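Working notes, structure below.
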Amino acid sequence: MAAQAAPELAKLDLNKNTGSAEASTVPASGSDKDDAENEGDSDDDRDDEQTGGSAEVNAEKKKKKKRPKKKKKTAKVQSVPPRIPLTTLFPNNSFPEGEIVEYLNENSYRTTNEEKRHLDRMNNDFLAEYRQAAEIHRQVRQYAQKELIKPGATLTDIAEGIEDGVRHLTGHLGLEEGDSLVAGMGFPTGLNINHCAAHYSPNAGNKVVLQHGDVMKVDFGVHVNGRIVDSAFTVAFDPVFDPLLTAVKEATNTGIKEAGIDVRMSDIGAAIQETMESYELELNGTSYPIKAIRNLNGHTIGQYEIHGGVNGKSVPIVKGGDQTKMEEGETYAIETFGSTGKGYVRDDMETSHYAKVPSAPSVPLRLTSAKNLYSLINKNFGTLPFCRRYLDRLGQEKYLLGLNNLVSSGLVDAYPPLCDVKGSYTAQFEHTILLRPNVKEVISRGDDY
């Protein structure tokens, strides 16, 4: 889930041609034995037999020379809507790699250093899982951009269309106990409109319809064996918002460019802010400076832990004093948020996102509904974020009392939507990057952004 709020905000309330080869090996119909039995016939008969035999032999030779037609290799393409598991399209598990970026300056030796290359080769399973998740994200978002995200579409239809695609492409629909932990949604689909920047997903009964004048952030995650690809983009139908989208996209690319082993977080944040705040948006004759949302950050990603767990790190998008360095082997979500408002978000609107607290202490639960729900969360989501619709999908009813009890007991965190002032517009772009020993890989990079 894409956005990690700054610490002070976190303290606020609260997915035959068959037979051709066999035909060429069928035994001949004529034989030497037949020719011997017919040897005593008349000359005319013998001539006829010889002629017939010769015809059969010639026919047989033609049969033997005739090779079966080779099947034309047709490129396997994804269906619309996406329903073909990715392992069917890539049967050898050779999934496309992301954008490969060589390290620069003092880290340039890593690209050719044999020891670093050896360490990188040891990560084959890790890379295959991440690349599979990334390709699923690319294929599903391509479908969403072309077929789902249109003025007049409901947020529920968009969210469920994305999530159904992810689940089918992973091959894990998540309806059986534990299936969602093998592969599926890395976190719920965020569909954040206008002043809302993050963590909004439609709950059951939501009737919100996307409008032509809306600016919507689409943020969803895909995981394979807990390797979460976290990537987001912004859609606006009115070109008047292009400067806002360009500013945030360029700021994210700046963050990706600056990121690397031994780079200080403060340097990345300063570069991001400088890029983003060089833009402005003119709306109805008024110019609005585009501000980086200072209390939202990028973050490390851990296995099954979207914000990196207890030792997770934050990547600021404004200049500051954080001297923490990035390290070899880490995975980061580099995301930036821009706003025409105050550049600061607060909790607002109805909560949809939740996640089990990693390594939560043992707490006695008095409510039976809370106990049962906590068991279901452990078995189906673990520490992966989930939303109310996911509980509905598993057949849960009247669970809000138990869910709120888990939140108040400190076993589950609630993530309310994060919003700037009403009337403002916000945008987001995000990629997942891997700091491999010898290169940096922008694992979620695609042709779209």
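From the backbone N, Cα and C atoms, a Cβ is placed for every residue, glycine too.
Take the divalent metal cation 1 site that Swiss-Prot assigns to Asp219, Glu430: the candidate from Asp230, Asp447 listed for it is Asp230. Of the residues proposed, His168, His172, His299, the one Swiss-Prot records at the same divalent metal cation 2 site as Asp230, Glu335, Glu430 is His299. Closest to His307 (substrate binding site) by Cα-Cα distance, out of the binding-site residues Asp230, His299, Glu335, is His299. Cβ contacts within 10 Å of Glu335 (divalent metal cation 2 binding site), excluding its own Cβ and spanning all protein chains shown: 30. A gap of 13 Å separates the Cα atoms of Asp230 (divalent metal cation 2 binding site) and His199 (substrate binding site). Within the same chain, the residues at least 6 positions away from His299 (divalent metal cation 2 binding site) whose Cβ sits under 8 Å from its Cβ are Gln4, Ile306, His307, Gly308, Gly312, Lys313, Ser314, Val315, Tyr332, Ala333, listed in sequence order. Ranked by Cβ neighbours within 10 A across all protein chains shown, the binding-site residues Asp230, Glu430 are led by Asp230.
Local packing around the binding-site residues His199, His307 was summarised as the count of other Cβ atoms within 10 Å of each Cβ; on this measure the leading residue is His199.
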